[in-house]
Amino acid sequence: MDQTVNEQNERDHQEEKPNQSPLSFKSLLWHGGSVYDAWFSCASNQVAQVLLTLPYSFSQLGMLSGIIFQVFYGIIGSWTAYLISILYVEYRTRKEKENVSFKNHVIQWFEVLDGLLGPYWKAAGLAFNCTFLLFGSVIQLIACASNIYYINDKLDKRTWTYIFGACCATTVFIPSFHNYRIWSFLGLGMTTYTAWYLTIAAVLHGQVEGVQHSGPTKMVLYFTGATNILYTFGGHAVTVEIMDAMWKPRKFKFIYFIATLYVFTLTIPSATAVYWAFGDQLLTHSNAFSLLPTNGWRTTAIILMLIHQFITFGFACTPLYFVWEKVIGMHETKSMCLRALARLPVVIPIWFLAIIFPFFGPINSAVGALLVSFTVYIIPSLAHMLTFRSASARQYDMSGTCMFWVQNAAEKLPIFLPSWVGMYVVNSFIVVWVLVIGFGFGGWASMANFIKQVDTFGLFAKCYQCPPQGSTTAHH
């Protein structure tokens, strides 16, 4: 019985695969759905502008805490992405047993929660996920303006935000995550270049005269830095959409973890090297580019990051487009032009918020504490525990009539944790830790820091953390 459903599910996914030659140019660049596409999407989406703020977090945390928190949140982030993948497969399996068709329909996280746990969970998932993705898109716009300013300071950052808001609005023409194949590949190349540029440039620059590494000095800064790292490894708010774009979603399970291992090779060396070179100067320079000397290598890194932020904006905004399409009844419309037109209203509030809160760096921590903590750590852990809370939910019913039937339940437990008790212990630890440290202390610290930025620079700040007129960016 379970083998039959397995085969049926795989056939259903294969039906969605475009009927093109494997060597078709369009297929090569546009129609992604393999395990490799999913890995590139996860690795590319996990780090973007946050690469530039991690040295700032290290200055708040200190070197040792910075590295420990990266590894810790990377591991628990991978774990909750694994839980999300299990819940997606469970939801899809149940629905397909009821002969529900998902043709021309992208399954999203709030629908998984609705199908498994009911409307209240749907509402919570929808609220947290959409708000996080909204501010995730805002952060990419702010980062674009912050970065381009280091190449061309003739325009202030607010004006650059207007310009890049219009550019990023073109993502409405990208239908789904199937179509990010070439962008994910290029995006990962761009972040890899930037990370190693930061590392090598900082080492070659050497330590500034009288460098100090005094972090951590204040509790508010310590938890702000820790929460930015929680945000860094909480990029799996789009896990369900990436899985749904795969031809065989069951193969996703450990892709996020493998992507995280690669991301460690980018984030740890770059943040460590820049903090070693500049120390406490980073406390007032949340963008690492601002401290490195102007040259062709830096300009290349900035341009690549700008392109990558456009891609990441699309990653964060596409699920919002899907939600909006479903609300107005346009989701299954085949005309991409009509869908693109319908999506445009989603971009307007993002544009507006990026102009109100241009606080590159502090806004990451605030979003991490208040939204990421629930969206990708607490809710998936609780949802997994509640979905499989009964014995029947953890066993395969040979008659095929059990409402809580789980296909190959024994195989779904990971090799390194072959016990349901162990699963519940790990999930409970994540819920308590993130609730207390991430949301509690992190929320207090990041909001205190955020309010300080508002008091210092004001809302609608024209040029956040810009050097005084007359001084050059090369020295800042």
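Using the three backbone atoms N, Cα and C, a Cβ is placed for every residue, glycine included.
In TrEMBL this protein carries:
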type: COMPBIAS; residues: 8-18; note: compositional bias 'Basic and acidic residues'
type: DOMAIN; residues: 31-398; note: domain 'Amino acid transporter transmembrane'
type: REGION; residues: 1-20; note: region 'Disordered'
type: TRANSMEM; residues: 67-89; note: transmembrane segment
type: TRANSMEM; residues: 126-148; note: transmembrane segment
type: TRANSMEM; residues: 160-178; note: transmembrane segment
type: TRANSMEM; residues: 185-208; note: transmembrane segment
type: TRANSMEM; residues: 220-242; note: transmembrane segment
type: TRANSMEM; residues: 254-278; note: transmembrane segment
type: TRANSMEM; residues: 298-324; note: transmembrane segment
type: TRANSMEM; residues: 336-360; note: transmembrane segment
type: TRANSMEM; residues: 366-388; note: transmembrane segment
type: TRANSMEM; residues: 421-445; note: transmembrane segment
Test the contact criterion for the transmembrane segment (336-360) and the transmembrane segment (160-178): 3 or more CB pairs under 8 Å, pairs 6 or more apart in sequence, then answer yes or no.
yes
Can you tell me which parts of the same chain pack against the transmembrane segment (220-242), counting only residues 6+ beyond its ends and a CB-CB cutoff under 8 A?
38, 41-42, 45-47, 50, 53-54, 56-61, 65-66, 69-70, 73-74, 76-78, 80-81, 84-85, 88, 106-109, 112, 129, 132-133, 136, 176-177, 252, 256, 260, 263, 267, 283, 315-316, 318-319, 322, 361-362, 364-365, 367-369, 372-373, 375-377, 434, 437-438, 441-446, 448-449
Considering only the recorded stretches 160-178, 366-388, 421-445, state which has the highest number of Cβ pairs under 8 Å to the transmembrane segment (67-89).
366-388
Stretch with greatest number of CB pairs under 8 Å, the transmembrane segment (298-324) reference, 126-148, 160-178, 185-208, 366-388, 421-445 candidates:
126-148
Contact set, same chain, for the transmembrane segment (366-388): CB under 8 Å, 6 or more residues outside the stretch:
76-77, 80-81, 83-84, 86-87, 90, 113, 116-117, 121, 124-125, 128-129, 131-132, 135-136, 139, 227-228, 230-232, 234-237, 394, 406, 420, 423-424, 427-428, 430-431, 434-435, 438-439, 442-443, 445-447, 449-450
Which sequence-distant residues neighbour the transmembrane segment (160-178)? Criterion: at least 6 residues beyond either end, Cβ under 8 Å.
30-33, 41, 106, 137, 140-142, 144-145, 148-149, 238, 241-242, 244-245, 306, 310, 313-315, 317-318, 321-322, 336, 339-341, 343-344, 346-347, 350-351, 354-355, 358
